[in-house]
């Protein structure tokens, strides 16, 4: 009877250890560097400082307004890009 309790305890401890390792690996993946992304257009009211705040809220280090050249029917626009 005592050996079966010991075996169950060892199995439970092993399962908890494995699940903690899996959780730490999953958490490590979620905090890896995010790929660059571009968000809203930069305007007279939304410029580099606002863009930087916007990107920081999305867990990026910084954000800048970058000029995007559109296809011939479109004009060039400033876009807030995070990196």
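Note that Cβ sites are derived from N, Cα and C of the backbone, with glycine treated the same way.
What Swiss-Prot records for this protein:
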DISULFID  38-82  disulfide bond
DISULFID  42-65  disulfide bond
DISULFID  51-80  disulfide bond
DISULFID  55-81  disulfide bond
SIGNAL    1-24  signal peptide
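Each residue contributes its Cα atom, and for residue 51 (disulfide bond) and residue 65 (disulfide bond) these two points are 7 Å apart. Cα to Cα, residue 81 (disulfide bond) and residue 42 (disulfide bond) are separated by 10 Å. Note: the CA-CA distance between residue 80 (disulfide bond) and residue 65 (disulfide bond) rounds to 4 Å.
Taking each Cβ in turn and tallying the other Cβ atoms within 10 Å, the top scorer among the disulfide-bonded residues 38, 80 is 80. Proximity to residue 82 (disulfide bond), defined by a C-alpha to C-alpha distance within 10 angstroms, is shown by the following disulfide-bonded residues from 42, 55, 65: 55, 65. In the three-state DSSP reading, residue 51 (disulfide bond) counts as helix.
The number of other CB atoms found within 10 A of the CB of residue 55 (disulfide bond), across every protein chain shown, is 22. Neighbour count (other Cβ atoms within 10 Å of the Cβ, all protein chains): 24 for residue 51 (disulfide bond). Counting only the Cα atoms, the space from residue 38 (disulfide bond) to residue 65 (disulfide bond) is about 9 angstrom.
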